[in-house]
Every structure is written in structure tokens, then in C-alpha cells.
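Here the structure is laid out as C-alpha cells; the discussion comes afterwards.
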Amino acid sequence: MLHPRARTMLLLSLPAVAIGIASSLILIVVMKIASVLQTLLWQRLPGTLGIAQDSPFWIIAILTLTGIAVGLVIRFSQGHAGPDPACEPLIGAPVPPSALPGLIVALILGLAGGVSLGPEHPIMTVNIALAVAIGARLLPRVNRMEWTILASAGTIGALFGTPVAAALIFSQTLNGSSEVPLWDRLFAPLMAAAAGALTTGLFFHPHFSLPIAHYGQMEMTDILSGAIVAAIAIAAGMVAVWCLPRLHAMMHQIKNPVLMLGVGGFILGILGVIAGPVSLFKGLDEMQQMVANQAFSTSDYFLLAVIKLAALVVAAASGFRGGRIFPAVFVGVALGLMLHEHVPAVPAAITVSCAILGIVLVVTRDGWLSLFMAAAVVPNTTLLPLLCIVMLPAWLLLAGKPIMMVNRPKQQPPHDNV
């Protein structure tokens, strides 16, 4: 016979597995549709028209039209494509299900059109809303927070292809009760995360790891080098943190979302022309291209880091529906490669991983997620002790500093009140 604690944990096991699978399938379908549309917009259509896909005209035109299209969705769809991600944390309160179709369409358009945001925030919003709405009907005795946690865990597992990230994140958020052991509280979320990760793995494997030279033995000087790299990344990230609310307020002086996002898309197009196509889109595939291209110099990496960070701020400030983690990882990789090119004595594994740790820490203010992303992109067990040590001064630097999020306006724009 099972102990009552075990029976309690098993109660949510089946819903947890179902939510994890559903979270992954939603992500897979959205990404597949976005990929097909991206191929149409950036390969087939310019080829048919006899235009180079990397021509300045095409980049500016597609991103401007993407902004206008997303603006139309936000203006006229029911629920206005959900809340503004710039004003929301990664895991937020459930939104009305009526807002989800518009949010999904806005996300697909942004991903396919080359906007420098990832899918994580909208997908999280969709999965939480569906889990809460359906779960409340099927099992009304389970509170909304439980459904939110399961959907969040399933989505994190699906996004990163492993339940490890969910375990790290929820180990700090669920450890609030001394009466219930932590692993009792983690059981159902980890079931959801594992189901999400395994389902994603059946269709595709997220490629986070980069072909960077293996790091051998840790030296004391490497700790100092890593701390300096993380501090540089944090400084760059804090510039973006300072710019985001100010640019957000400036862009939202334009009350019409179609015009506002059209202007935002035009600016993104100009930034894309400056840095080239590798600076577009969410950044995961593009950082693989960046590492594979041996022709990039220190100045090229610097330009890519600055432009991608600027594009991230512009996209978020303009109201595009997307997340900030994936493009931030791209910025970290570009910064790390730049610093390695500038000081070759410092291994690329250190510069890249510590730059990712610093910039993701600025964006998420989550130490576990920052460590996970750094270790996922540069998978080397020798680096783990170094990253844990470097995290300490990085966390001190950010203590009490503002986060990369805009305070919600006291009065929403007219198109958000409809």
C-alpha cells in the first residue's frame, strides 16, 4: 500500500503528464507553422520576385509589414492578443482564453517575420490559460495556482528539451512550506516537465550547445576572467534595462497599435540591414551560424551584440508578442566571442558561458535559469564550478537593480480597454 503522501503526489500525475504533452504539442505546432511561413517570406517569395533575401529593401519591407500585421491583430482581435510581454514576467496570471487566438497569430507572425524575440512568453501564456480553463472544469477542486505551475513546468520542459530547467526554477519557488517536503511539491511539476521534454524530443531536439573548444582544467585566473566577462555582460544588459521603459513610453505615445508596431518593424528592419540577416529572428539558429562563420572579426561580433540587444529592446518596447530569453542568449554568445577574439588567452568556453550567464541574469533575474542556459550552450562539466563561483559577484552587482520589465501603465491605451 502506498503512503498517503505518495497517493497525494499521484493524484496530479495524470493531469501533469497530459499538460506536459499538450504544452509541447502547442509549441511544436506554432514553431512548425512559423517555420513554414518564414521559408515562404524569406526564401520562396524573394526568389520568385528575383530579389535577394538579404537585400536592404526586403529586410526593411518584411519587418515593416510584419509590424503592421501584428498591429492589426492586436487592434482587432478579441482580447487584443493578450497582455504586453514587456510588462509581464515569464510566468504570469492566466489570461482569458478568448485572447489566445490573437496571441498565437501575433506570435507566429513575429517569429516568421524576423522579429528579435523568442516564443517563450506567449507560449507560456497560452499554455497557462488553457490549463487553468480546462483544469478548472474537469477538476474544480484543484486551485488555479496548481494548474499554472503544471503548465509552466510543462512549457519549460518543452522549450528547453529537458526537465532540468524546470527542476531548478521551481526548486526556489515551491520551497515555501516546511510541512511538505520540497520533492513532494516538485513531483507533479517535474512529471509535466518530463512529459513536455520527451514529447518535444520525439519531433525535434532544441540545439543550444555550440561547437566551442573544450575547456580543460580550471585555473584561479579563469575565475577572475569569468567574473570580468559576466560584469561586462551585466553592464551591457543594464543599458538595455534603462532603455526599455523609456522607449516603451515613447512608442506608446502612438495610440494606434498598427502604426506603433509598423514603426517598430521599420526600426527593426534598419537594424537588420546594419548587422545582416544573422541578427534577425529569435537567435538560436542564428547563433549557430555565427559560431560556424570563421570570417567574423572582433568588430563584427561587437556589432552583432549591440544590434541584437537594440533589436530586443525595440521589439519589446513596440509591443511585439515574444520573449526576451532566447535573443539575450544570442547577445551573450556574440559578446563572449568578441571578448575571446579580443583576448585570445581567455578560452572561448569561459567568455561565452560567463557572458550568457551575465546577460540572462539581467533579463530574468533567475540564477538557476542563468546557470542552466550557460551550461546548456557550453556543455562542459569542468565549467560548472567556475560558473557557480562567477554567479556570486554577478548576483551582488544586480542586487536591488531594476529588472528588464516595464511597470504596467495606470491606464491602458484605448485599444487595450476595448
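The backbone N, Cα and C atoms fix where each Cβ goes, glycine too.
What Swiss-Prot says about this one:
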type	residues	note
TRANSMEM	10-30	transmembrane segment
TRANSMEM	54-74	transmembrane segment
TRANSMEM	99-119	transmembrane segment
TRANSMEM	120-140	transmembrane segment
TRANSMEM	149-169	transmembrane segment
TRANSMEM	186-206	transmembrane segment
TRANSMEM	223-243	transmembrane segment
TRANSMEM	258-278	transmembrane segment
TRANSMEM	300-320	transmembrane segment
TRANSMEM	322-342	transmembrane segment
TRANSMEM	343-363	transmembrane segment
TRANSMEM	386-406	transmembrane segment
Beyond the flanks of the transmembrane segment (386-406) by 6 or more, those residues with Cβ under 8 Å of it: 84, 86-89, 218, 222-223, 226-227, 230-231, 234, 237-238, 240-242, 244-245, 248, 317, 324, 350, 353-354, 357-358, 361-363, 365, 367, 370-371, 374-375
Positions whose Cβ lies under 8 angstroms from the transmembrane segment (120-140), at least six residues beyond its ends: 15, 19, 22-23, 26-27, 30, 82-83, 85, 88, 90-92, 94-97, 99-100, 103-104, 106-107, 146-148, 150-152, 154-155, 158-159, 321-326
Highest-contact recorded stretch vs the transmembrane segment (99-119), from 10-30, 186-206, 223-243, 258-278, 322-342, CB pairs under 8 Å: 322-342
Selection from 54-74, 149-169, 186-206, 223-243, 300-320, the stretch that has most Cβ pairs under 8 A to the transmembrane segment (343-363): 223-243
Candidates 10-30, 149-169, 186-206, 223-243, 258-278; stretch with most C-beta pairs under 8 Å toward the transmembrane segment (54-74): 258-278
Positions whose Cβ lies under 8 angstroms from the transmembrane segment (322-342), at least six residues beyond its ends: 85, 90, 107, 110-111, 115-122, 124, 208, 210, 229, 232-233, 236-237, 282-284, 286-287, 290-291, 296-298, 301-302, 304-305, 308-309, 311-312, 315-316, 348, 351-360, 362-364, 369, 373-374, 377, 404
Top Cβ-contact partner of the transmembrane segment (300-320) among 149-169, 186-206, 223-243 (pairs under 8 Å): 223-243
Intrachain neighbours beyond the transmembrane segment (223-243), with Cβ under 8 angstroms and 6 or more residues off its ends: 305, 309, 312-313, 328, 331-332, 335-336, 339, 346, 350-351, 353-359, 361-363, 386-387, 389-391, 393-394, 397-398, 401-404
Distal contacts, the transmembrane segment (186-206) - CB-CB under 8 A, six or more residues away: 9, 12-13, 15-21, 23-25, 27-28, 146, 149-163, 165-167, 170-171, 174, 284
